[in-house]
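These come from Swiss-Prot:
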BINDING   78-91, 285-297  NAD(+) binding site
BINDING   99, 109, 138, 227  substrate binding site
BINDING   227, 251, 255  Mg(2+) binding site
SITE      145  site 'Important for catalysis'
SITE      195  site 'Important for catalysis'
């Protein structure tokens with residue numbers, strides 16, 4: 001590849017710097033194996049930025065992200081900053097403004113049960129044995145969380161609260177295309193989640209998704225009501241490939257998908273805008289209780305790097321190489337402490353070294 005790429009690395013707080021270090025080790029292996037020209041710059045964010053710059057999202061960090069092709073984000077937050085006003089705390093003061101600034105409208109959350117980790121799945125053993133590999137595609141900027149009017153009024157028995165579910169055609173079209181394009185890189189199936197038997201917004205959602213599906217004749221489309229989808233995820237998650245969801249339904253289903261994998265330390269996420277620019281981060285938190293102990297699981301951060309390569313740099317071969325390396329490590333029984341269950345565990349650094357080596361070797 002001849003193009004030059006630049007990644008803004010925002011390690012953040014807690015275990016963020018430790019797991020970011022491992023992801024950048026793997027990036028070095030990718031660079032060398034695939035002859036990719038990728039540079040990185042580090043910027044403070046979250047609590048680290050509060051300590052060093054007096055605010056959770058300094059202008060220099062935003063400017064650095066603007067100059068990058070993608071952002072690799074660690075994690076933010078911790079008890080040290082909980083005394084601050086909510087808007088000045090690391091989570092609300094950094095991550096949400098970044099999403100708004102870059103107009104990140106789609107959230108991608110993979111949820112995969114890896115071979116050898118079936119015992120961590122809370123589902124019945126016969127269901128877990130089938131495995132699953134799901135991508136939840138959630139619309140981030142529309143729907144009931146942002147629709148107007150919303151508020152409270154009245155008093156006594158007449159006091160009421162209200163929210164409004166609003167979706168525009170363009171919002172549904174663009175998130176649907178993300179889902180169908182993602183399915184083309186996977187197993188060619190989209191299941192669109194709605195409540196079209198009740199909600200006008202869901203009726204429009206279904207109509208427009210059907211229209212977009214005609215542009216993707218190679219991708220199978222199914223529709224499912226949200227209540228049935230929550231049950232089917234427990235009954236047989238292996239039936240799903242890509243789940244296409246509104247903001248509210250995706251908020252619910254992405255967490256359900258995460259829970260049935262059994263380990264938050266394995267779950268990456270991506271938030272994208274219309275230009276393909278993305279912010280990539282682990283789905284878990286900053287875990288301040290284990291920070292600095294070299295025991296955190298870096299796989300979610302490394303998988304976030306794989307998503308970055310696939311979606312923002314269009315380097316699917318490199319992303320797949322990372323995923324194969326992780327599969328090999330897990331198949332060989334290599335575990336960090338969260339997955340060891342009393343067996344021998346490797347450190348954060350050791351897991352990063354192993355995955356980077358497997359990428360370099362082309363396993």
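For all residues, glycine too, the Cβ spot is worked out from N, Cα and C.
Feature map: Swiss-Prot annotations on the structure.
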residue	record	DSSP class
78	NAD(+) binding site	coil
99	substrate binding site	helix
109	substrate binding site	strand
145	site 'Important for catalysis'	helix
227	substrate binding site	helix
251	Mg(2+) binding site	helix
287	NAD(+) binding site	coil
295	NAD(+) binding site	coil
According to DSSP, which of helix, strand or coil covers residue 195 (site 'Important for catalysis')?
coil
So how far apart do the substrate binders 99, 109, 138, 227 get, largest Cα to Cα in Å?
29
Which whole-number value in Å describes the distance between the Cα atoms of residue 287 (NAD(+) binding site) and residue 145 (site 'Important for catalysis')?
27
If you count the C-beta atoms lying within 10 Å of each candidate's C-beta, which of the binding-site residues 78, 86, 90 ends up with the smallest number?
86
Cβ within 8 Å of the Mg(2+) site centroid (227, 251, 255 excluded): which residues?
226, 230, 248, 249, 250, 252, 253, 254, 256
Candidate nearest residue 251 (Mg(2+) binding site) in space, where candidates are the recorded positions 78, 86, 109, 138, 195 and distance is Cα-Cα
138
Taking the Cα atoms as reference points, how far is residue 227 (substrate binding site) from residue 195 (site 'Important for catalysis') in Å?
8
With residue 295 (NAD(+) binding site) as the reference Cα, tell me which of the recorded positions 99, 109, 145, 195 is the closest one.
109
Nearest to residue 109 (substrate binding site) in three-dimensional space, by Cα, is which of the recorded positions 86, 90, 145, 195, 255?
255
Cβ neighbour count (within 10 Å, all chains shown) around residue 99 (substrate binding site):
17
Just give me the nearest neighbour of residue 291 (NAD(+) binding site) among the recorded positions 138, 145, 195, Cα to Cα.
138
Rounded inter-Cα distance in Å - residue 195 (site 'Important for catalysis'), residue 82 (NAD(+) binding site):
38
Distance, residue 78 (NAD(+) binding site) to residue 145 (site 'Important for catalysis') (CA atoms, angstrom)
26
Roughly how many Å lie between the Cα atoms of residue 90 (NAD(+) binding site) and residue 99 (substrate binding site), rounded to a whole value?
14
